[in-house]
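Undergrad: Below you will find the structure I want to go over with you.
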Amino acid sequence: MAFRRINNLELFIKRCSAPTLYYSSIRTATGNNYSNNTANITTDSSSSSNNNSNRNNKNDNNNEDNNKFNWRSLVRFFVPFSLGAVASSLVMKRDDLELTPTISAARPSGRRREFNFIADVVGGCADSVVYIEIKDTRHFDYFSGQPITASNGSGFVIEQNGLILTNAHVVINKPHTMVQVRLSDGRTFPATIEDVDQTSDLATLRIQVNNLPVMRLGKSSTLRSGEWVVALGSPLALSNTVTAGVISSTQRASQELGLRNRDINYLQTDAAITFGNSGGPLVNLDGEAIGVNSMKVTAGISFAIPIDYVKVFLERAAERRKKGSAYKTGYPVKRYMGITMLTLTPDILFELKSRSQNMPSNLMHGVLVWKVIVGSPAHSGGLQPGDIVTHINKKEIKNSSDVYDALGCGDKELNMIIMRGVKQMHVTITPEDP
């Protein structure tokens, strides 16, 4: 009965995932059997024939003993194995308790956490930045059947109920178009223009959606030259793009930039701003918008409208909304040419000539074309980004206001003299009526 129970115990150990223990005990027993047989054969070799029966009896007895379960081998292997398993489980439980906070932590440590202040700024305000598309309702994509994108820009949410701030030149003076806004989460909504101030180049849009993340507005009056700033937007239609730099100047007068009828001291920054950044926020390290990205002259020289001036525009726009005045009745719409331009002041000309060898040395005035909308009259007429307009219909062009005057004079065609690098060229543009 005892031998049967031992055999049952061996079978239980073998079936219950202890093969190593089981086979170790069997191998030990087999090794003892082999040693005993070898000793018996050596001892009994001298009396070969006379002791055959005794040797057979001894071998039978040894085999019977070896077939019994070796308790000493079992204890030798089972006890350390059990203690190790218990200790391992305790260590695993302890490690789980200790490692849980570390695994769940998402923030980096060390120098990444200490010096990545730009990432902290972006994480707190990027969700409020939007991508603005101007769709041409007269031309449609061959494959999708959707209106093609005529232009694009940026903006940011300033009220949870869908009010968005951007540049005026992003959304107006583009006939036969519709405005679409894409949020940071990918949702797209049609937008309507609520208010426009062409003098300050500011506009507000409205989309029909609530509970949007809002950009906090800071104070541009407290800025100092050298402060870190972050520009967010969609340059070249690449949404959710982040660039960083410093404030180069907090008091860049509009007269220095050749912008007449604008009493604005622009913020100058070396943060990379290019096509599509217009209307996006310039943010301080507290995650507050301190400016609206407006224009770029060259690499390292860009300008933003101070947020203090923007707040005045927003207050006046709110008053106009209460009175029910609409954007179309308050602001005349000019003929459409499809360019974004910048007056070349003497200081800007000097800077451009020092940076590029393609600037003609005898150039004294003009307007820099730094963006041409695809499909626009300017694009069809042959204007390219980087061209400098010096004359329109035989009249000198000294600033951007001269170009606006030429658009409003009623001439059907605009015959331009431009500088493309060091070459002088003639182009003819037929503006579209509003």
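The backbone N, Cα and C atoms fix where each Cβ goes, glycine too.
Taken from Swiss-Prot, the feature region 'Disordered' covers 34-65. Annotation comment: Swiss-Prot describes 74-92 as transmembrane segment, evidence class sequence analysis. Annotation comment: Swiss-Prot describes H169, D201, S278 as active site, charge relay system, evidence class similarity to another entry. Swiss-Prot lists 337-424 with the feature domain 'PDZ'.
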Undergrad: Count the residues of the domain 'PDZ' (337-424) that DSSP assigns to helix (H, G, I), to strand (E, B) and to coil, and report the three numbers in that order.
TA: 24 helix, 27 strand, 37 coil
Undergrad: Using DSSP and collapsing to three states, where does H169 (active site, charge relay system) fall: helix, strand or coil?
TA: helix
Undergrad: How many Å lie between the Cα of S278 (active site, charge relay system) and the Cα of H169 (active site, charge relay system)?
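TA: Answer for this pair: 9 Å between alpha carbons.
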Undergrad: According to DSSP, which kind of secondary structure is D201 (active site, charge relay system) found in, if we only use helix, strand and coil?
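TA: Its secondary structure by DSSP: coil.
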Undergrad: Restricting to the chain of H169 (active site, charge relay system) and a gap of 6 or more, list residues whose Cβ falls under 8 Å of its Cβ, or answer none.
TA: D201, S278, T340
